[in-house]
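Sequence annotations record features per position, and here Swiss-Prot assigns Mg(2+) binding site to Asp35 based on sequence analysis. Feature annotation from Swiss-Prot assigns active site to Asp35. What Swiss-Prot records for 36-39, Arg48, His52, 80-82, Phe84, Arg86, Arg208, 214-216 is substrate binding site, and it gives sequence analysis as the kind of evidence. According to Swiss-Prot, the feature active site, proton acceptor maps to Asn83, an assignment based on sequence analysis.
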Amino acid sequence: MKNRTFSVFYRKYEQILEKEILSSEIPEHIAVIMDGNRRYAGQLGKARIFGHAMGAEVTEQVIEWCYEIGVKQLTLYAFSTENFQRSEEEVGGLFNLINEKFLKLHTDKRTYEKEMQVRVIGDRTKLPAYLNESIDRIEKATEHHRKFSLNVAIAYGGRQDIMQAVRDIATCVSSGKLSLEDVNESLISKHLYPAPGVPVPNVDLIIRTGGDERISNFLPWQANGSECATYFCAPFWPEFRKIDLLRSVRVYQARKEEKKREHSYRISKVKNFLRVGKYENKSEDLGQLLPLKKQGVS
């Protein structure tokens with residue numbers, strides 16, 4: 001009886017929260033650091049691969065939830081370059097699990113009903129042949145889809161991504177294909193994974209589960225460039241709920257509103273300054289607008 005009551009309350013709260021966030025701007029690009037699979041398994045006395053398998057089930061749900069609320073791009077941190085330091089058994093089990101999910105995406109009618117494009121970002125030279133074959137198959141099957149984009153980061157490291165882009169651009173410059181004047185932010189973005197191709201856009205919101213409050217070398221170019229919102233939550237990835245996703249979107253929306261208020265406040269201060277007309281004696285006041293701190297504005 002108690003569990004049923006809680007379930008009804010939970011569902012009602014979820015509906016209220018979803019209605020609230022749908023009345024405001026939805027982030028176009030969400031990136032997720034899916035942390036806590038191994039600790040989740042450890043708490044239950046299970047093998048690590050059990051935690052990864054449970055996490056993979058949640059991943060399928062999160063793709064659905066993001067699509068439902070209007071997110072356009074979802075990037076998932078599935079396997080970092082540092083993860084290669086784990087045991088051969090665990091790495092092999094992870095690759096098998098990821099491969100199964102790509103095969104399922106390829107045959108799942110929802111992939112095509114949603115017009116979902118699937119791409120992998122990362123150093124694919126480090127991946128086994130069977131996994132690369134599955135990646136090629138799903139990328140080819142969905143390459144013309146544009147309604148929803150799923151980017152899966154495998155063998156990915158943010159610093160390594162920037163380094164390979166810089167090396168590629170340097171090679172183009174030295175061979176005469178590019179000049180130094182051609183190098184700008186847009187060009188660098190085009191040489192990041194999954195180069196060649198449409199670059200992964202700036203991130204609006206990064207979510208990390210499992211309690212750690214760090215970004216872990218994930219999409220540094222796309223995240224810092226857009227000053228994206230971040231949402232850290234305690235549940236391990238297999239415990240992640242739709243309510244957690246909706247709460248993260250609410251944090252993004254609150255941050256957007258805060259930035260709008262700050263911008264309006266600064267503009268009003270500048271207008272007031274110009275209205276007074278004491279430019280020479282008050283010029284130093286303009287510099288105070290940059291580090292401005294006011295109650296309700298940060």
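A Cβ is built for glycine as well, from the same backbone N, Cα and C atoms used for every other residue.
Positions of the features from Swiss-Prot, shown on the structure.
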| residue | record | Cβ neighbours (10 Å) |
| --- | --- | --- |
| Asp35 | Mg(2+) binding site | 22 |
| Gly36 | substrate binding site | 25 |
| Arg38 | substrate binding site | 21 |
| Arg48 | substrate binding site | 19 |
| Ser80 | substrate binding site | 20 |
| Glu82 | substrate binding site | 10 |
| Asn83 | active site, proton acceptor | 16 |
| Arg86 | substrate binding site | 15 |
| Arg214 | substrate binding site | 11 |
| Ser216 | substrate binding site | 14 |
Whole-number Å value for how far Arg48 (substrate binding site) lies from Asn83 (active site, proton acceptor) (Cα to Cα): 13
Ser80 (substrate binding site): secondary structure state under DSSP, collapsed to three categories: strand
